[in-house]
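Undergrad: Mind having a look at this structure? Questions to follow.
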Amino acid sequence: MPRLFNPSVKLTDNDVTDESVYAQRRQLLKSMGFIGLGSLMSQPASAFGWFTDDDEEKSVFQTRDLDYTRNKKFAIDETLTPYDKVSSFNNFYEFGTDKGDPVENAQGFNVDPWSLTIDGLVEQPLTLNYEDLYSKFALEERIYRMRCVEAWSMVIPWTGFQLSSLLAAAKPLSSAKYVAFQTLYDPKQMPGQKSRFVGGGIDYPYVEGLRIDEAAHPLTMLSVGVYGKTLPPQNGAPIRLVVPWKYGFKSIKSVVKITLTDKEPPTTWKRLAHQEYGFYANVNPAVDHPRWSQASERRITTGGLFNQKRIPTLPFNGYEEVASLYTGMDLTRNY
Amino acid sequence: MKTLFNRPVRLTKLQVNGIKAFYHSLALGYLVWLFMAGVNDNLGGDPVEALLHSSGIIALLMLFFSLCLSHFARRLPCGDLIKCRRMAGVYVFVYGLFHLFTYIAFELQFDMSLVAEEIVSRPYILVGMLALLILFALTITSPMIVRKRMRQKWQPLHNLVYLALVLIVLHYTWSLKTAWQEPVYYWIAAVVLIALRFTKLKKF
């Protein structure tokens, strides 16, 4: 006698797919495909970021035109990095660690009123307010190479004035050997200062320093603008340092305080990882970062993947005139 | 063991194939979109960095997903999900390979002496390469015919996926200037996934 068929899976009426659904099964699968495709197509033109919140459109920080002259001495014959790249690819951990974060998170940054004080070992302590930044010193445009410690570089037209002019106005005492700089500390405006997680675990405020002869060098400038307009916040509005022969992290942003001292001031990245980032941080193809080579760099200009240029990195980022500042120094040890 | 449903969720062949087709179109579609956006300079300030970062992160997320599949299969339960695991795993390798290709082709511009030097002298790149080698070994041994030939040797080899997981998270953490970022979450996820499999892994 044949045995009674005993199914291994016991199904009841509840398991039956509703006929209306069954009849649409091909349609359902198709529409699933379209939803998938559609979500791909509607992706904004930004790369994948998992922990970034895509909130609503924010109003863009307003910049304005500056009055300045072009300094022909610093006009170099290299392709400029376009403004949209200069202003959208930034390391400014106060606004997030991803290089796309600052442009996203800094648009509401308030720069007026601003106060920049110069104090310490000076005869004449100074305080510059927002208007002073643009009017106290004649502004000029200089085109500088900017080499990041991460082995990429840009060519940027900065508008500003020599730091030496400001130092001269403050009249440094002969005991002053170093210049210390400090970024604004305002956790309300800078999410990276509020949360260690957003700010990469750095102790804020961000601080930097130069030897006084480096600070007084004619190449060292304080920039208040880029591409002829006032700086957007992601580039360090309203005023930032630019030291073209040193890695980018030396060029501190949104400066509120400049103090002349007689001993080497602490600097943020050296404090965080002194075996990787030194006080001098001169661009030097012969001294590698412990985790990557500094012998060459990728120049960021226009163009996609197939228009990339990798170029050799030059000692002092090509600004050989500063070499005399370091005669007799071992630059492998003083990296 | 607690399961979400009392009875196993069964998937028909059509449904399994549907899920696979969906995953294929998503994974391949995103890769193509990413590459084309990079070619057309639509990936923000630096397309190379964006491509490098995205392909790496997605490979890691896909690895998390593929390792979660067996847990979903047991806890729903829905054994049919295991049928999608190989595909999910192979895409981890595909994205990882694309990540390496981007590094060599666009970051280092095919400067092969620099490539060799960087792989040997930079520990975080070496760690990434090791992880990719493991994924390569898992990928070429993933066809059923190879699996059958390997018999009892197959499972110990494929348990190395957890080593690859640790190496990949280490590679990512090490590549950043500060570790106090996303890697914190990824380390937690990796530890949880390994802990869930700890008794099984201990046997090998």
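Including glycine, each Cβ sits where the backbone N, Cα and C put it.
So TrEMBL has the following annotated:
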type: BINDING; residues: A:Asn90, A:Tyr93, A:Glu94, A:Cys148, A:Thr183, A:Asn235, A:Arg240, A:Ser251, A:Ile252, A:Lys253; note: Mo-molybdopterin binding site
type: DOMAIN; residues: A:110-269; note: domain 'Oxidoreductase molybdopterin-binding'
Undergrad: Cβ distance under 8 Å to A:Ile252 (Mo-molybdopterin binding site), same chain, sequence separation 6 or more: which residues?
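TA: For A:Ile252 (Mo-molybdopterin binding site), the qualifying residues are A:Phe181, A:Gln182, A:Thr183, A:Tyr206, A:Val207, A:Glu208, A:Gly236, A:Arg240, A:Leu241.
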Undergrad: Can you give me the same-chain residues 6 or more apart in sequence from A:Asn90 (Mo-molybdopterin binding site) with a CB-CB distance under 8 Å?
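TA: Non-local contacts for A:Asn90 (Mo-molybdopterin binding site): A:Lys99, A:Pro102, A:Val103, A:Gln234, A:Asn235.
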Undergrad: Have a look around A:Glu94 (Mo-molybdopterin binding site) and count the other CB atoms within 10 A of its CB, chains all included.
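TA: Taking every protein chain into account, the count is 31.
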Undergrad: Helix, strand or coil for A:Arg240 (Mo-molybdopterin binding site)? Use DSSP.
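TA: Where A:Arg240 (Mo-molybdopterin binding site) sits, the three-state DSSP reduction gives strand.
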Undergrad: Using DSSP, would you call A:Thr183 (Mo-molybdopterin binding site) helix, strand or coil?
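TA: Strand, per DSSP.
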Undergrad: How many neighbouring Cβ atoms, not counting its own, are there within 10 Å of the Cβ of A:Thr183 (Mo-molybdopterin binding site)?
TA: 23
Undergrad: What whole-number distance in angstrom separates the two most remote CA atoms of the Mo-molybdopterin-binding residues A:Asn90, A:Tyr93, A:Glu94, A:Cys148, A:Thr183, A:Asn235, A:Arg240, A:Ser251, A:Ile252, A:Lys253?
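TA: Site span for Mo-molybdopterin, by Cα atoms: 19 Å.
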Undergrad: To what whole number does the mean pLDDT across the domain 'Oxidoreductase molybdopterin-binding' (A:110-269) round?
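TA: Averaged over the domain 'Oxidoreductase molybdopterin-binding' (A:110-269), the predicted model reaches a pLDDT of 97.
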Undergrad: Give the helix, strand or coil assignment DSSP yields for A:Glu94 (Mo-molybdopterin binding site).
TA: helix
